[in-house]
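**Q** Feature list, courtesy of TrEMBL:
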type: REGION; residues: 153-175; note: region 'Disordered'
type: REPEAT; residues: 11-99; note: repeat 'Solcar'
type: REPEAT; residues: 117-226; note: repeat 'Solcar'
type: REPEAT; residues: 238-345; note: repeat 'Solcar'
type: TRANSMEM; residues: 14-34; note: transmembrane segment
type: TRANSMEM; residues: 71-96; note: transmembrane segment
type: TRANSMEM; residues: 123-144; note: transmembrane segment
type: TRANSMEM; residues: 198-220; note: transmembrane segment
type: TRANSMEM; residues: 240-262; note: transmembrane segment
Amino acid sequence: MAAQSKPVQQLTPFGYALAGALGGCFSTAIVYPLDVVKTRIQADAKASEGHDLAISSVILRIFKDEGFWGFYRGFTATMLNTFSMQYAYFFFYSWVRNSYIKRLSRKLPVGAKAPTLSTAAELLLGALAGALAQICTLPVAVIATRQQVGRSLDTPKSRRLPTEPLTNGLADEESDEEYDDSFFGIAKEVVREEGIPGLWLGLMPGLVLTSNPAITYGVYERVKAAALKAKPTINGKLTPGMSFLVGALSKTLATVVTYPYIMAKVRIQARGADLETAEEDHLDRPHHNKPHHLKDHHPGALDILGRVYRKQGIFGWYQGMSAQIVKAVISQALLFMSKDQFEHWALAIMILLTKFRSR
């Protein structure tokens, strides 16, 4: 019996991935209304025109215009995106890290302690895992972002001023009824407007942002090791309170460093990116559900950052950063705090699966 239970006493990459995905969904679900708020703030390109983008103002605006459920737009897609992204990241991270350590261990004498990875190695492995996860899960992220933003950046007929022109004379054709904000409805919309590659909008800034989890986990592991060395514990693990503080510190640092690309990625994926380009270049507004780029291309991260700099200066690159940090810190800290518990649950699930298969 002992021999049969041995293989599941330590989590495999699958187990770590499952634990990370469950923990990610748990933390994201708790802060989801704030996630919608920060996405709306990041996607709004009208801040230079006097739009009030304070967190409290956006909260009140969502509640007034959309009611309570406005804070849960795109919840299902975001949960799917969170689970798949966290699963893919933890799986690839555990796999590449374990593979690298085994490779280094082969060069050591038999029975020698496993080598400790350098900070540079931790960051590189994390970036590689993040890049693989981004490529696999980005289409769901694009759909989730568009669902969260919805049509909040459009000018509805009820709010259009008398002096404002109709949307390229097509207000009747592009009525609210033609907008399908379901998961598959948005997927079809993206493919019709941007082609199949449109499902990977924001891939380049997404690859740049692989440094975010790499920095987060690298800093977390280093600070955790220092904390345990300064104040050892019986089981060799941080207390929940200490895990919260270490997670908050590591995520804040990573967010501040990478934020301009976080904001640019949201704007690339939101519906308003092509509209902003058309307005800046004095072109006709792009038609809904029709190809947008017969003569040009979808704006990239550098295009977005350049446009924001011209309108708002360098501070425009950090629009919505306070909401991002609050949401990210709470979410990541909760993830780190619950990480060990979800690993226990993942191990229990694996044991049950092993017993089920052995029957």
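The backbone N, Cα and C atoms fix where each Cβ goes, glycine too.
Not measured: the values here are computed from a predicted model.
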**Q** Between 14-34, 123-144, 198-220, 240-262, who has the most Cβ pairs under 8 Å to the transmembrane segment (71-96)?
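**A** If we count Cβ pairs closer than 8 Å to the transmembrane segment (71-96), 14-34 scores highest.
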**Q** For the transmembrane segment (123-144), give me same-chain residues lying six or more residues beyond its boundaries with a C-beta closer than 8 angstroms to one of its C-beta atoms, as numbers and ranges.
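**A** For the transmembrane segment (123-144), the nonlocal Cβ contacts are 74, 77-78, 80-81, 84-85, 88-89, 92-93, 95-97, 100, 117, 183, 186-187, 190, 198-203, 206-207, 209-215, 217-218, 269.
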**Q** Where does the mean pLDDT land for the repeat 'Solcar' (117-226)?
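**A** The predicted confidence over the repeat 'Solcar' (117-226), as a mean pLDDT, is 76.
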